[in-house]
Amino acid sequence: MEGGEELFRVSSARLSSSNVWRNSAMDVFSRSSREADDEEALKWAALEKLPTYLRIRRGILTEEEGQSREVDITKLDLVERRNLLERLIKITDEDNEKFLLKLKERIDRVGLDLPTIEVRFEHLSVDAEARVGSRALPTVFNFTVNILEDFLNYLHILPNRKQPLPILHDVSGIIKPGRMTLLLGPPSSGKTTLLLALAGKLDKDLKVSGRVTYNGHDMNEFVAQRSSAYISQYDLHIGEMTVRETLAFSARCQGVGAKYEILAELSRREKEANIKPDPDVDIFMKAAWNEGQEANVVTDYTLKILGLEICADTIVGDEMIPGISGGQRKRLTTGEMMVGPARALFMDEISTGLDSSTTYQIVNSIRQSIHILQGTAVISLLQPAPETYDLFDDIILLSDGQIVYQGPRENVLEFFEYMGFICPERKGVADFLQEVTSRKDQEQYWARREESYKFITVREFSEAFQAFHIGRKLGDELAVPFDKSKSHPAALTTKRYGVSKKELLKACTAREYLLMKRNSFVYIFKMIQLTLMASITMTLFLRTEMHRNTTIDGAVFLGALFYALIMIMFNGFSELALSIMKLPSFYKHRDLLFFPPWAYALPTWILKIPITLVEVAIWVCMTYYVIGFEADVGRFFKQLLLLICVNQMASGLFRLMGALGRNIIVANTFGSFVLLTVLVMGGFVLSRDDVKKWWIWGYWISPMMYAQNAIAVNEFLGKSWAHVPPNSTSTETLGVSFLKSRGIFPDARWYWIGAGALIGYVFLFNFLFAVALAYLNPFGKPQAVLSEETVAERNASKRGEVIELSSLGKSSSEKGNDVRRSASSRSMSSRVGSITAADLSKRRGMILPFEPLSITFDDIRYAVDMPQEMKAQGFTEDRLELLRGVSGAFRPGVLTALMGVSGAGKTTLMDVLAGRKTGGYIDGTISISGYPKQQETFARIAGYCEQTDIHSPHVTVYESLQFSAWLRLPREVDTATRKMFIEEVMELIELIPLRDALVGLPGVNGLSTEQRKRLTVAVELVANPSIIFMDEPTSGLDARAAAIVMRTVRNTVDTGRTVVCTIHQPSIDIFDAFDELLLLKRGGEEIYVGPLGRQSSHLIKYFEGIDGVPKIKDGYNPATWMLEITSVAQEGALGNDFTELYKNSELYRRNKALIKELSVPASCSKDLYFPTKYSQSFFTQCMACFWKQHWSYWRNPPYTAVRIMFTFFIALMFGTIFWDLGSRRERQQDLLNAIGSMYIAVLFLGVQNATTVQPVIAIERTVFYRERAAGMYSAMPYAFGQVMIELPYLFLQTIIYGVIVYAMIGFEWTVAKFFWYLFFMYFTLLYFTLYGMMTVAVTPNHSIAAIISSAFYAVWNLFCGFIVPKTRMPVWWRWYYYICPISWTLYGLIASQFGDIQDRLDTNETVEQFIENFFDFKHDFVGYVALILVGISVLFLFIFAFSIKTFNFQKR
């Protein structure tokens, strides 16, 4: 049975104790108990008579008053479910185990067996392929070469140059049911790959050998993804859903597995044996194990034991929407799989961001469920505290892809003693295990003093384990195959989905409807935008201005119709972004087999139809009669129907683009390309008669062509157009002759052909959307990248050699003395603070001197305006105080820990001291070495390592440090000294092996979390600061990584700097590395400020001296103990106020005296003074910003290379579509075709540039906020660098486009005309790109920037002078024509090309006259137009720079 699968859950909510009989003062026994029992017995008897199907859907529910009634369990409401759980599990820690035992007892009583799964893996090897060294960096050059190389490899023309990268190497083992297995190993040891292999979820691109079996069955005999559950370390959720909704959706999709059958069998056997179960357990099991319920008791149970009840109805949130905390999100990821029926759980790093007590409670709940209900679990944890480690039965230790140990927890230390290594007393066993295989850390644990130490490789450990008694026993067990006949029939699932397809479609539809309600702002905004655009269009094409006398009048009407098509089509563009935003969670659910892709695709289409109806109705009702289209109700409704089809077709097309592109930049580029083809081939820009024969297929497949034909026929075959023009030579009506002149079929049936074709496209695009969802995988999978050093080191460690790594930046004599042990990105840890005295003296004499400074602060208070939500809850104060009178002193060479529970104000205090707060009210005094703190000078001598490691993604580690040092070290420091100093810092922070590694985006590519943390520290250190603040430098790291970072921090302190760290949950050895502690309690009050002492002796002595505080247990972590005894609950229980106790202590008086002493400047000292605000001159700042942007652009091929390729393809496409049209000047239509080519190119290339630059600027802006706060440069040099780097790329874009198109379209080859063509194209692309930058600079994020900019494109398009020439615009709108940038571009392009040509057209006017009469463009005005375009570019540049300088959207 999948019995209790939902019971594998977890907890953190501690509720007040009591059991069901103590829950109220009401007398439950007000009637005689016999009477109540008799009544209940009668109800049970009645229930027993029902057939099994009905019996397992009904139960006896006890009310709050103690009365019982029969209920249908599928209709329990939230309150009833909550009361039921309250009775079963009052306090999670205490009652969950009792409840599970009751459940198991009920099953055992009738002799039912629960299904169990034993997972075996034999000789499992997994290999990937990786590029090595600089070829792995994603530069524009490598990007192009790699595409060619992969293509030639595919054709077997070139050999594969990628290096094999072994991830797992010949591992074997058994995971037994009913036992908890802990998976440990340093980073990059293959933990995630092993878990994915066991869960049957390995990537298809990996080479896999060996086999994984469940109960002896191979993976192809059952559905592994549903028999087991893999819980990823990445938290991918839909931000707009609440926690409860997320879990309920998951439970609804996964179903109950075989539990329904087991429940039926249990009920049948109980009836036969005449056993009456506990009514509460009975109702819980029936409610949890019945199929197809939307609101399930399992969801409530999971929320309870995971401690998520407090945020059950809070939105999950994402980077744009505030929601639950990181720790709660992590628990939600765990809960999402636990509500399902899987019997085997593979959990990857489920404790990141959780404090140790929450982790303990969650693991303990899982353990209870695994032990009692015989589940199978493998859990990998980063930093398990000793008490959590002790919950496990078995340990698997992985290192370098090999198993070093697998077996009972009790024997693991015995194995390492057998190898000669002993775990020290004050060291967590888990931390010891992660370090003992590492080259850097192994020696300190060597216990055989009589023998000389020699590094023992992972392979040697692995071979020794085979000979160890545990290893031999494992080998013997593997030699005997699993007896398949013993496998429970319900253990392995063979059905692909958890519930029926109909039920899954209902679940997806309900969720999509919910998301549409939550995203209603987008739809309302689109309707407002459409209403606004309709108002402008109405007044521009006002019927009083619209005549029906000539074909030119027809052109204006056609312009209005074409614009309506464009507006309705582009209104669906938001679908593209909305689709891509939901893709990460979709891929997760799809791969976990929650639902088939079509069940997701169908609701996203069907539910949008009503919105389409409303949007199109708004447009048609507002514009149809006001513009003066054919006054016929039938034609009105036909236009309405047609535009509905267009909107649906466009939405389907954009969704398809999103599903094909899967990345916002690629999808935008790709989407623009398709749209361009659809529009150019639509028949308005280029008439059918002029389409080249090699492109005519494009005309016939363009949906826009069918829309254009149908909407034109609907209008021009009406009565108003049925007259013959007065001086016409033919007998054709005006409508027919106009349609013919534009290459449109003048046949009424074309309306229905067009509408039918559009409906066909609606179905086609939505079908292809579902297909793309089914078969494509997430975009940009993390690429394996190897440095040459890593390859050399891997090979050496296999042979058991020790190698020397690049000792760059050292003199030859120093290289000789300094025999470095090998270090790589994976083996970098040693005991925290393990620096020898010789090292220390060397470190203190770093190349650049600095002035040691102390910082003192007295009575610091910080408050913010009271949030509206709190005022609504009845808080009357105007301000909410977050810090209340905090005082202290931080001194050089002393490492201070800033600690407290979540919400105590640790980061707030740090931000206040560092001057990083952007709002709020600050009181109190802060002094630097006795002088009052001045923020301008302080920023020059202080470093601040933020918790979020924000760095430019496309530069290398060395370049990041170079940039920081260049801008922050004083001008006097020459280049050679600066480089030596950077090398020293890299040596200190152990970054030398990573010098050429790309930083990358967190969680996507580049550096690991721990390497990022060290880079953050190094970036601040190269500024040579005297004071460094670090916010949570070890959160999210495993024990070894945390030790590396803390050793880095300790090394920094030992150079004589003042360092302060906020820290969340330190292990014993990390806590021991600190010298002093400032402890805050919730509410921002201090409760201990002072030295820690050896092994925290001073801290322990202080707290144990307080009455009622329990003594610390031997070997217990002092940090954990201290947080437990000072918690709010503990403070209440003791009746103490720790703040008052501290303020009345001797310690407080000593601190006050120290603050007073350090607040007076030393006699020979002087206040900090710098002649300028920034270290470097304005010119140097500009050059540095330009240098960084150069590398950022060069290594960002999805932006730069794709843009150049896009331009190249567009140029070829335009050249072939408009082939030789520039030289034809017989008819007006010839000129309009050539002008159409200019119009569409300007619009598309421009909008494409503006759209793709936005995400790039948005990512760089977050880095800019950090760098500006650090005092590196002012806003102007940043804006300069950002704009200057665009110029060469724009020039390349213009040359590629200009030369190809100019030659192919056949414009006149004179130097002046060619120069003007390139000039106008260059400045047009420039102002569009600057416009994209500007919109990001004035908005908080790039989504809002995209919405705002797209609103303007629509207006610019309307007023550019192509759809409606200036001469036909009403007087009241002409002013907008003059401020529309595109109108000046078209003026320049058209007037410079055609404004001086004297050839005569078929209408007997010259080209020059036609251009002047139709557009009002004059050739001699071209020079002024050029100046206007330069002016527009300068204006946008100025707004961008001004906004970047003035607006700060980062709130702290």
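Backbone N, Cα and C atoms are what each Cβ position is placed from, and that goes for glycine too.
Look at Swiss-Prot and you will find 812-821 tagged as compositional bias 'Basic and acidic residues'.
Marked as domain 'ABC transporter 1' by Swiss-Prot on the basis of sequence analysis: 152-425.
What Swiss-Prot records for 1180-1394 is domain 'ABC transmembrane type-2 2', and it gives sequence analysis as the kind of evidence.
Among the features that Swiss-Prot reports, region 'Disordered' is placed at 808-830.
Sequence annotations record features per position, and here Swiss-Prot assigns transmembrane segment to 521-541 (among others).
As annotated by Swiss-Prot, transmembrane segment applies to 554-574 (among others).
Residues or ranges marked as transmembrane segment in Swiss-Prot (evidence: sequence analysis): 609-629 (among others). Packing against the transmembrane segment (609-629) from elsewhere in the chain are residues 516, 523, 526-527, 530-531, 534-535, 537-538, 541-543, 546, 557, 560, 564, 567-568, 571, 635-636, 639-640, 643-644, 647-648, 651, 715: each is 6 or more residues past its ends and has a CB under 8 Å from a CB in it.
Residues or ranges marked as transmembrane segment by Swiss-Prot: 640-660 (among others).
A Cβ distance under 8 Å defines the sequence-distant neighbours of the transmembrane segment (753-773), meaning residues of its chain 6+ beyond its ends; these are 586, 590, 597-598, 600-602, 604-605, 641-642, 645-646, 648-649, 652-653, 655-656, 659-660, 703, 706-707, 709-711, 713. Per Swiss-Prot, the feature transmembrane segment maps to 753-773 (among others).
Marked as transmembrane segment by Swiss-Prot on the basis of sequence analysis: 1199-1219 (among others). Counting same-chain residues at least six beyond the ends of the transmembrane segment (1199-1219), those with a Cβ under 8 angstroms from any Cβ of the stretch are 140, 143-144, 665-666, 669, 672-673, 676-677, 680-681, 686, 691-692, 694-695, 698, 1193, 1233-1234, 1237, 1240-1241, 1244-1245, 1248-1249, 1252-1253, 1256, 1289, 1292-1293, 1296-1297, 1300-1301, 1303-1306.
Summarising the annotation, Swiss-Prot assigns transmembrane segment to 1239-1259 (among others).
For 1287-1307 (among others), the entry in Swiss-Prot reads transmembrane segment, with the evidence type sequence analysis.
Among the features that Swiss-Prot reports, transmembrane segment is placed at 1314-1334 (among others), with the record citing sequence analysis.
Beyond the transmembrane segment (1344-1364), the same-chain residues lying 6 or more positions past its ends with a Cβ under 8 Å from any Cβ of the stretch are 525, 529, 532-533, 536-537, 540-541, 556, 559-560, 562-563, 566-567, 570, 573-574, 577, 1235-1236, 1239, 1243, 1247, 1250-1251, 1254, 1258, 1331-1332, 1335-1336, 1338, 1373, 1376-1377, 1380-1383, 1385-1387, 1415. Summarising the annotation, Swiss-Prot assigns transmembrane segment to 1344-1364 (among others).
Under the heading transmembrane segment, Swiss-Prot lists 1375-1395 (among others), citing sequence analysis as support. Only residues 6 or more beyond the boundaries of the transmembrane segment (1375-1395), in the same chain, are considered here, and those with a CB under 8 A from a CB of the stretch are 1222, 1231, 1234-1235, 1238-1239, 1242-1243, 1246, 1307-1308, 1312-1313, 1316-1317, 1319-1321, 1323-1324, 1327, 1331, 1355-1357, 1359-1362, 1366, 1369, 1407-1408, 1411-1412, 1415, 1417-1419, 1421-1422, 1425-1426, 1428-1429, 1432.
For the transmembrane segment (1421-1441), same-chain residues at least 6 beyond its ends with a Cβ under 8 Å from one of its own Cβ atoms are 1275-1276, 1279-1280, 1282-1283, 1316, 1319-1320, 1323-1324, 1326-1327, 1330-1331, 1333-1334, 1337-1338, 1381, 1384-1385, 1387-1388, 1391-1392, 1395. As annotated by Swiss-Prot, transmembrane segment applies to 1421-1441 (among others), with the evidence given as sequence analysis.
Scored on C-beta pairs under 8 angstroms, the neighbour of the transmembrane segment (1239-1259) with the top count among 521-541, 1287-1307, 1314-1334 is 1314-1334. Below 8 angstroms of C-beta separation, residues 556-557, 559-560, 563-564, 567, 571, 574, 578, 611, 614-615, 618-619, 622-623, 626-628, 1347, 1351, 1354-1355, 1358-1359, 1364, 1369-1370, 1372-1373 of the same chain, each at least six residues beyond the ends of the transmembrane segment (521-541), sit close to that stretch.
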